[in-house]
Amino acid sequence: MPAYFQRPENALKRANEFLEVGKKQPALDVLYDVMKSKKHRTWQKIHEPIMLKYLELCVDLRKSHLAKEGLYQYKNICQQVNIKSLEDVVRAYLKLAEEKTEAAKEESQQMVLDIEDLDNIQTPESVLLSAVSGEDTQDRTDRLLLTPWVKFLWESYRQCLDLLRNNSRVERLYHDIAQQAFKFCLQYTRKAEFRKLCDNLRMHLSQIQRHHNQSTAINLNNPESQSMHLETRLVQLDSAISMELWQEAFKAVEDIHGLFSLSKKPPKPQLMANYYNKVSTVFWKSGNALFHASTLHRLYHLSREMRKNLTQEEMQRMSTRVLLATLSIPITPERTDIARLLDMDGIIVEKQRRLATLLGLQAPPTRIGLINDMVRFSVLQYVVPEVKDLYNWLEVEFNPLKLCERVTKVLNWVREQPEKEPELQQYVPQLQNNTILRLLQQVAQIYQSIEFSRLTSLVPFVDAFQLERAIVDAARHCDLQVRIDHTSRTLSFGSDLNYATREDAPVGPHLQSMPSEQIRNQLTAMSSVLAKALEVIRPAHILQEKEEQHQLAVNAYLKNSRKEHQRILARRQTIEERKERLESLNIQREKEELEQREAELQKVRKAEEERLRQEAKEREKERILQEHEQIKKKTVRERLEQIKKTELGAKAFKDIDIEDLEELDPDFIMAKQVEQLEKEKKELQERLKNQEKKIDYFERAKRLEEIPLIKSAYEEQRVKDMDLWEQQEEERITTMQLEREKALEHKNRMSRMLEDRDLFVMRLKAARQSVYEEKLKQFEERLAEERHSRLEDRKRQRKEERKITYYREKEEEEQRRAEEQMLKEREERERAERAKREEELREYQERVKKLEEVERKKRQRELEIEERERRREEERRLGDDPLSRKDSRWGDRDSEGTWRKGPEADSEWRRGPPEKEWRRETRDDERPHRRDEDRLRRLGGDDEERESSLRPDDDRIPRRGLDDDRGPRRGPDEDRFSRRGTDDDRPSWRNADDDRPPRRIGDDDRGSWRHTDDDRPPRRGLDDERGSWRTADEDRGPRRGMDDDRGPRRGGADDERSSWRNADDDRGPRRGMDDDRGPRRGLDDDRGPWRNAAEDRISRRGADDDRGPWRNMDDDRVPRRGDDARPGPWRPFVKPGGWREKEKAREESWGPPRESRPSEEREWDRDKEKDRDNQDREENDKDLERDRDRERDGDREDRFRRPRDEGGWRRGPAEESSSWRDSSRRDDRDREDRRRDRDDRRDLRDLRDRRDLRDDRDRRGPPLRSEREEASSWRRTDDRKDDRTEERDPPRRVPPPALSRDREREREREGEKEKASWRAEKDRESLRRTKNETDEDGWTTVRR
């Protein structure tokens, strides 16, 4: 089916266009697609011409299978709507096929085909015979012209019968086509096709009986259906008789009788008469004279009873035929000696019983019975006088000497009636045989012996040989006691006295018994004679008694005769009433049966409709599957046909059957073709190599030898051409001379007529001049009228055109103005938008300049802060006391066990596990989004310029610094997962050298980290709408690595997640739920100070922020983790015992040993921590009790903590107890110094954040894929330290990279087991919260 949809009207038009150019096959394909289309399942009027054209093309191209498919489709379309259209189409199709066949028959000289079976035209015998005997042109023409059309016509009949079978709506058409098919078989003498046709009709009849429940099934009880079937079977019987196919005729007779038995009502008399007539012919042709005569008896009685207008002549003819047929029944029994010996009596009886059933007889007929019926029904009185005495001569009278002479007269009369009585001629041979047999029987009763010549003279109508044969047959079959003596040429009768006749011996005219019979019947004869003698000698009283009894019987009859007569009349009346009652009952029963049948049909029809709907659904499903298969097969077949048309494809697939080719894969076919192509190419190259050596020499030798021969042939041809030209030239000259002489003669003869011709022409012109002038005048008048009318029309038309043109131009002008107005408005909008964008760009540039100015001032202030820190560090170093430092070693150890690790330069716990390629990819995807939000929080809430610079509607591409090692930012629509993979067990995305603790969770209500007298505006207002990218209801703390030894995330009391502290955790007590203090930090910590309890600002990150500290990832500052413990050019000066020393002691517990801090610093740290705990207890009493429990646990753990091994590196197990409660409070002067340091560092950090943001916008382009894969901000700690050390002005010492890597690998191996327990849960939560969205520029945004 085509991929496009075509309407039926267009398809018919397309087909006609193809036919106009002589392309019948494409036209047929177009119509075929329409008929097979599922779109056209409802009948329309256009379908009928399409179907007629389709069938016409099928007939022209002899495509019987396509015609069959089209007819079946058309039947499905119009069966429920217009069945008459189907009948017209089928009749037109058969008419076209018959016309084509007749035309081929007229062109062919072969009237009757000698092909036995059209389905098997070429038999091995015919091929061999044609090869041996040869085939002339006419035979081949006849075979090519007539045979295909005859075969096509036969297939058309068979297909139409299959199409219309078992359909009550087209039953009449079915029988008409069947009768046409019988005529076709009879016309072309197609015996094999006749047999197939009979078998098909018989099969259709059996299917009718099996499928009688269908909605369109044929009801054989319907009289019309029965009559049509009987009519068709009678045509079949007649055709079989005409073609002398007696076996098929006998089967037809059985079919007809079967139809009779199906009917409850008797068939029509005319039909039965025709049936008996045909059956009699069949019986006679089959040699069964007994049933032939019986059939004629049935026909005779039927005609006498049913035909009211039977004439005397017809009565005589029928009676004569019945008499001759009855007398023609052989007297000899049909059973032979072989049948008697083989005991075939049962088979013969069964055969006769079946034949009797066909005639409606209860028992098989006999010759004697038929003769008695003929006499009883007075058939002889209607027989013609010439034949009337034949019965008496053969069956009654005993006159052997005159028998043959009398019969000969009758036979001669029969022979003289070939025109009037043609059917009587067939009985003459049988009558002659029966006459000879009667003669022999009568002669045997008279003569004991007779000469053969004498017997021959008594039978004049046969010769001696036929007579001798008849005698032998009579002796064998008729128990005739005769012996032939060839020496004396005599016949002897009754010489064997021991011979016993059979019971079924023929009986005829009888004169006396034979001697053997007399001996056998002697006792019987004696018995009969004695009975007669007894009657003679019987006494008189016995006779008197008999007479009295007779008289009593007569008197009794006379007495009761009237009463008996009345009883008989009453009985007749009773019988009549019973008949009427039975008829009424029959009518009532038929009516009830009809109603019941209608109800059953209605029920069957409903069930059939439901079944059809179900089948339609199933067929639709199967059709879809079949269409896919057909499309695939069609593609393969088309490809195969294209390939096989080529010489290469024919060779490649010559050994493969077409059925196998359909199952092959197109790739296999292509491979096969390529293989064959390569094979032929190789063979060709080999042949060329073999021939190229010899072909040049051979060609040169041929040409050298051809040169003299060509020259000589050229000279000979030139001489011949010259002679031919001279001869033709002479003939031309002679011919021209003769023609000139004849032309001169004609001229002289015609010149005498010149004057007469001129006179005739002049008269003719004069006569026609007036007529010409009159017509010219009329023409000029009409011309003037027409010119005037056309000028008026042209004027009116031009006026209308000018009017139309005016309105059209006016409309176009209005449309043009409207378009110009729209264009002008669009240009104005674009101009305003462009001005708006320029204004925004200008404002943005101004903000950038202001930011640069602020940054320059901040940078200058930063330098001053760093210089001040350096001086303070030197002062503190000079103020340290070596003795107090030595005494405070144990306090340093105590402070080393704090529950938060301080900044450690060489520690690996913040760096996380070693990076791998798959982890770096996922981290690169997550980092930009967090970094951008950090910048949003760091810029402050009241700085509108900084806020506008990070608005999401800013469509400019963000840029980054050239030294930025971070991955590319994501766009708002990027839907990639987090940059951390599902197995990423890293603690945080902050740098490995960042020692700041994470931000607190959403319930952080601590006060500001600024001093109470700090009058600077807050970094964000309380109404700052820039919230965290975490949801407000998520109460989890920031995510931490496995090596993070800080306390658990602070949250509400409803946090259902279990703690990740192990049972052996010996860390210090946790702080209260509302603890807002920052961790203990060193003086070199560049983050802002901790907040006090009065600051209730919302955390800079949302409650769900799982990132590390908000220190910028591209912070180019040198790590300050262990700088206090190492000698360097600058260290901020503080008094001993501060909290920075405590943090450094905590770092040393995780790194290599170094000198402990003074005890004064530890005391000061303890005082500071106690102040914070007091503030916490005042804010939340409930959390205070929990914190006290944890502190007691931490003190207990701290008391039993082992001292640190000073000998080398070690990894701390669980957190050791902290001594932060034992630190002493420092004076207010040191606290103010530290607060100022934190303010300075905060300003410096904000300045760097703004600088990074500006650099990102100004320098970075859109992220490339190579950058996303390569540029990762998760650099190794030692590499980043090296880079930052080079950029920073004050040089600092960095721990050796080798040691950092070793520690990293060691911590990775030891932390792997601890991370496995909670890693999967964390990854699943990350996947649930993550939704990556990618915009058009390649930016990815992670939405939670």
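Each residue's number is its place along the chain shown, starting with 1.
Cβ coordinates come from backbone N, Cα and C, glycine included.
As annotated by Swiss-Prot, N6-acetyllysine applies to Lys68. Counting Cβ atoms from all protein chains shown, Lys68 (N6-acetyllysine) has 18 others lying within 10 Å of its own Cβ.
Taken as a whole, the coiled coil (82-120) shows an average pLDDT of 77 in this prediction. Annotation source Swiss-Prot lists coiled coil at 82-120, citing sequence analysis.
Look at Swiss-Prot and you will find 315-498 tagged as domain 'PCI', backed by sequence analysis.
The phosphoserine annotation in Swiss-Prot covers Ser492 (among others). The secondary structure of Ser492 (phosphoserine), as reduced to three states from DSSP, is extended strand.
For Ser584 (phosphoserine), the number of other Cβ atoms no farther than 10 Å from its own Cβ, over all displayed protein chains, is 10. Look at Ser584 (phosphoserine): DSSP puts it in a helix. For Ser584 (among others), the entry in Swiss-Prot reads phosphoserine, with the evidence type a large-scale study or a structure entry.
If you look up Swiss-Prot, you'll see 664-835 marked as region 'Interaction with EIF3B'.
Taken from Swiss-Prot, the feature region 'Disordered' applies to 807-844 (among others).
Residues or ranges marked as compositional bias 'Basic and acidic residues' by Swiss-Prot: 866-1126 (among others).
According to Swiss-Prot, the feature region 'Disordered' maps to 866-1240 (among others).
Under the heading phosphoserine, Swiss-Prot lists Ser895 (among others).
Annotation source Swiss-Prot lists repeat '1' at 924-931.
For 932-941, the entry in Swiss-Prot reads repeat '2'.
Look at Swiss-Prot and you will find 942-951 tagged as repeat '3'.
The feature phosphoserine is assigned by Swiss-Prot to Ser949 (among others).
Residues or ranges marked as repeat '5' in Swiss-Prot: 963-972.
Annotation source Swiss-Prot lists repeat '7' at 983-992.
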Neighbourhood of Ser492 (phosphoserine), C-beta criterion under 8 angstroms, separation at least six = Gln448, Ser449, Val482, Arg483, Asp485
Reduced to three DSSP states, the region 'Disordered' (807-844) has 38 helix, 0 strand, 0 coil
Please state whether DSSP places Lys68 (N6-acetyllysine) in a helix, a strand or coil.
-> helix
In whole Å, how far is Ser584 (phosphoserine) from Lys68 (N6-acetyllysine) when you measure between their Cα atoms?
-> 50
